[in-house]
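I have a structure here, written as structure tokens, and I will follow up with some questions on it.
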Amino acid sequence: MRALAQRSDRRLLLLVVLSVMILETVTNQDLPVIKCVLISHENNGSSAGKPSSYRMVRGSPEDLQCTPRRQSEGTVYEAATVEVAESGSITLQVQLATPGDLSCLWVFKHSSLGCQPHFDLQNRGIVSMAILNVTETQAGEYLLHIQSEAANYTVLFTVNVRDTQLYVLRRPYFRKMENQDALLCISEGVPEPTVEWVLCSSHRESCKEEGPAVVRKEEKVLHELFGTDIRCCARNALGRESTKLFTIDLNQAPQSTLPQLFLKVGEPLWIRCKAIHVNHGFGLTWELEDKALEEGSYFEMSTYSTNRTMIRILLAFVSSVGRNDTGYYTCSSSKHPSQSALVTILEKGFINATSSQEEYEIDPYEKFCFSVRFKAYPRIRCTWIFSQASFPCEQRGLEDGYSISKFCDHKNKPGEYIFYAENDDAQFTKMFTLNIRKKPQVLANASASQASCSSDGYPLPSWTWKKCSDKSPNCTEEIPEGVWNKKANRKVFGQWVSSSTLNMSEAGKGLLVKCCAYNSMGTSCETIFLNSPGPFPFIQDNISFYATIGLCLPFIVVLIVLICHKYKKQFRYESQLQMIQVTGPLDNEYFYVDFRDYEYDLKWEFPRENLEFGKVLGSGAFGRVMNATAYGISKTGVSIQVAVKMLKEKADSCEKEALMSELKMMTHLGHHDNIVNLLGACTLSGPVYLIFEYCCYGDLLNYLRSKREKFHRTWTEIFKEHNFSFYPTFQAHSNSSMPGSREVQLHPPLDQLSGFNGNSIHSEDEIEYENQKRLAEEEEEDLNVLTFEDLLCFAYQVAKGMEFLEFKSCVHRDLAARNVLVTHGKVVKICDFGLARDILSDSSYVVRGNARLPVKWMAPESLFEGIYTIKSDVWSYGILLWEIFSLGVNPYPGIPVDANFYKLIQSGFKMEQPFYATEGIYFVMQSCWAFDSRKRPSFPNLTSFLGCQLAEAEEAMYQNMGGNVPEHPSIYQNRRPLSREAGSEPPSPQAQVKIHRERS
């Protein structure tokens, strides 16, 4: 500790000299009035010194008592020494009353820096230097040469820089003096802090401030422990920390909420009970959860007050608390009602507050304060932030144990305000949006064919057009037709900008019209006289015509090139799977996490020479996915089949950056059984390869279509068709599943019940059961069959995968059967291989705006507002369910994507129940297609429902099997699983197209 203290005395000397050379002899009486000022502020920029025009949050200015010092070269003004902590930020400012213009020049270590003098409202010259994030490299002399019409001047500042990394100040704590009934206040810090007791005889908030009720004692030991409010405070160069002696006063009315004391494991506990009575005939006791405290964990003191009443206190203490010290501490007296306090022992600190974003709108001069109500332990350090500038934060305790921080110094500026708080264990951020109401301001203009008006204001203004008669200023007749209001735009945290246009042919020429914009703040109007424009001149001169064409042709060529370039760039590769950060309660209050600045973890790197490429699995405009054999990617000496995702050979830097961002996101995402998981990557010495799991059966869409002829509603039908040829496999295991009745994530998988080294902890029967189940799955795949239970299982697995993505704050944005892959055991995995799909020729992707979008799978808010959330993925999941239970029919069959399609979506149109879906499954689809995204189910809810459906299906199958081959036509006959008759045939895809055309 002594070595640290010696090192802490090391100070960096920073001389900032504002130098002015005298050009003429002056006396003390002739010297101008110069004031040197120090302004401390929060860090907002780089560490280099910047002129005063750099925006910062300034604290109260401190006068440095600038005095003249005679030198042979002229007059030098010297200010008091300034101390600033390393990484601190200050502004050194000189105010001088001198006539005429000023010019200045900063010089630092023989290098010139810019200088911008200005004048304040008192016509004083102001020269400032902001020194931000002070470091050792900034030690030295700063010279500022200021020249005025009268003379030149020099001012000297001396700044000491402290190394704050060696400075510490910890919150003080109490300890009982040995063999004495007294408290010792201890605070650890560098430099060594000074300790004082702050005693107050009042219960009011004034105890925290200077006042007549406050008594200060600069000593470490306190013997008088009868005061109303007792605090121990420690102070050093870093600031001030205080700890209050927690007290229950039996003479005070109990609080409306039970007082609560928080401590962390290992901290000391001190809790005081105080009571006053007319005589000494009473006692005090402490109990913890109705059990008296042990001897030696408390001590009692008593004294008589000035009015001869007895004051008695009982202090309970624990030198180092543990979790067993949590509970209700009750102080009882024979003359007073008992009172309790809840002591909570924490493993680490916390900050509890509502983090949802809040939005306010106020008048331009309305008084308003932001406020945050929170509960925290330990005490927080907080700040308010606006426009990258920090403002001081004040916090005040409330009676219910909460604290509140208010910010009123916003000067009615619109924008986003942030409250940031932290303590040793937690961080908290809350965002506010402030809108300032403003009356619209209208600007008008007229052209040959129309008159238009524009306005800005808040709230969004509305428009009216009125006709005036005989050029009278009284315009009362409203113009109902020929008015077109353009969609309003909003400046960032500012006013709404809107416009309205009147078609002159509708109103007639030669009229006086008035356009008015109005909102809750008032109305603003402009009057326009509509002239009658003459006919457009007809071009008769062929020479002029061809000359015009010749001049325009180069511009047309350039325009075509630009359009082609834009068309090429607009379809740039981007991963559909994105991780989002929600910033507020509304659907559009989020942003995509940008992984470009994240570091790539090289533990995922795989030697590219260990890849042996095979066939191309898919190829598109941006790249391709290839099958490959990876040697040693899962286990040394073992090769497995993988899918390798790569860009095309001539990919640009933006596409390469997008692929690297996708790689970093996948490394953060983690592993899940129903996601195509990342296995590794090749990023060094060549093109970027992303190595994923290989799914042998391709995408779910084509898988379903290929199994249409092999689909059976029940396993009973399969038994009959195959003459029970594989039933003996299960005869020895009557409790095992039917082929295809997989428990997909309904029970823990085998690898989760095994040790880390793979040694199973299952019994032999369980192992045999798993082996038989795997054999059943392989035999089922050989039979090339598909059942209703398989469809239900596919839906459940996709919901599980999306539940995982929702937990990871990811949105897929292109959830469809074509983006779900099938592998062994009919396990399905969600993927994003969009770069290997030719979206230019894929009919599922339709041009909308400047992008190709999977319109028929998109939620209304995504389609019309560009908003993508997990709830929009729920809508897409409903479309995916329709694909599954129609065995791969295109959604909205027979309905082309045109203006009528968008109207259908906006009107709430929903597809009919697919042939293979039950009423329950169709109900899930309809729930997913709720127009209001808030009414759609979450993926955990979908997983739970489908899991129950799957379990019921298996249970029904077991009951109907009864250990023998069933003779009934359907194992589902007792639960009405299908909405059609069991014997009916599904309509063909062409027939389904016809049905939808008729109903739409």
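Note that the numbers count up from 1, one per residue, in the order the chain is shown.
Even glycines carry a Cβ here, placed using N, Cα and C.
Okay, so Swiss-Prot annotates it like this:
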type     : residues                                                                       : note
ACT_SITE : ASP814                                                                         : active site, proton acceptor
BINDING  : LEU617, GLY618, SER619, GLY620, ALA621, PHE622, GLY623, ARG624, VAL625, LYS645 : ATP binding site
DISULFID : CYS36-CYS66                                                                    : disulfide bond
DISULFID : CYS104-CYS115                                                                  : disulfide bond
DISULFID : CYS200-CYS207                                                                  : disulfide bond
DISULFID : CYS273-CYS331                                                                  : disulfide bond
DISULFID : CYS369-CYS408                                                                  : disulfide bond
DISULFID : CYS382-CYS393                                                                  : disulfide bond
DOMAIN   : 254-344                                                                        : domain 'Ig-like C2-type'
DOMAIN   : 611-946                                                                        : domain 'Protein kinase'
CARBOHYD : ASN44                                                                          : N-linked glycosylation site
CARBOHYD : ASN133                                                                         : N-linked glycosylation site
CARBOHYD : ASN152                                                                         : N-linked glycosylation site
CARBOHYD : ASN307                                                                         : N-linked glycosylation site
CARBOHYD : ASN324                                                                         : N-linked glycosylation site
CARBOHYD : ASN352                                                                         : N-linked glycosylation site
CARBOHYD : ASN445                                                                         : N-linked glycosylation site
CARBOHYD : ASN474                                                                         : N-linked glycosylation site
CARBOHYD : ASN503                                                                         : N-linked glycosylation site
CARBOHYD : ASN542                                                                         : N-linked glycosylation site
REGION   : 45-67                                                                          : region 'Disordered'
REGION   : 968-1000                                                                       : region 'Disordered'
SIGNAL   : 1-27                                                                           : signal peptide
TOPO_DOM : 28-544                                                                         : topological domain 'Extracellular'
List the Cα distance (Å, whole number) between SER619 (ATP binding site) and ASN474 (N-linked glycosylation site).
69
Have a look at the recorded positions ASN152, ASN352, CYS369, CYS382, ASP814 and say which one has the shortest Cα distance to CYS66 (disulfide bond).
ASN152
How many whole Å apart are the CA atoms of ASN352 (N-linked glycosylation site) and ASN133 (N-linked glycosylation site)?
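ASN133 (N-linked glycosylation site) has its Cα 31 Å from the Cα of ASN352 (N-linked glycosylation site).
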Within the chain of ASN307 (N-linked glycosylation site), which residues six or more apart in sequence place their C-beta under 8 angstroms from its C-beta?
none
Neighbour count first, Cβ atoms within 10 Å, every protein chain included; then name which of CYS200, CYS331 tops the list of disulfide-bonded residues.
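Counting every other Cβ within 10 Å of each candidate, the maximum falls on CYS331.
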What are the sequence-distant neighbours of ASN445 (N-linked glycosylation site), meaning same chain, six or more residues apart, C-beta distance under 8 angstroms?
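In sequence order, ALA451, SER452, ILE528 meet the Cβ cut-off.
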How big is the gap, in Å, between the Cα of ASN474 (N-linked glycosylation site) and that of VAL625 (ATP binding site), rounded to a whole number?
72
Nearest by CA distance to LEU617 (ATP binding site): which of the recorded positions is it, out of CYS200, CYS273, ASP814?
ASP814
By DSSP, how many residues in the domain 'Ig-like C2-type' (254-344) are helix, how many strand, and how many coil?
3 helix, 50 strand, 38 coil
If you measure CYS200 (disulfide bond) to the residue listed as 'active site, proton acceptor' at Cα, how many Å is it?
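Between the alpha carbons of CYS200 (disulfide bond) and the residue listed as 'active site, proton acceptor' there are 66 Å.
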Would you kindly give the Cα-Cα distance separating CYS408 (disulfide bond) and CYS382 (disulfide bond), rounded to the nearest Å?
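With the alpha carbons as reference points, the distance is 15 Å.
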Please report how many Å separate the Cα atom of CYS104 (disulfide bond) from that of ASN324 (N-linked glycosylation site), as a whole number.
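That separation, Cα to Cα, works out to 68 Å.
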List only the single closest residue to CYS273 (disulfide bond), chosen from the recorded positions GLY623, VAL625, ASP814 by CA-CA distance.
ASP814
How many Å separate the Cα atoms of the residue listed as 'active site, proton acceptor' and VAL625 (ATP binding site)?
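It is 18 Å, counting Cα to Cα.
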Among CYS36, CYS331, ASN503, these being the recorded positions, pick the one whose CA is nearest to that of CYS115 (disulfide bond).
CYS36
Fewest neighbouring Cβ atoms within 10 Å: which of the recorded positions CYS408, VAL625?
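Selected from the recorded positions CYS408, VAL625 on minimum Cβ neighbours within 10 Å: CYS408.
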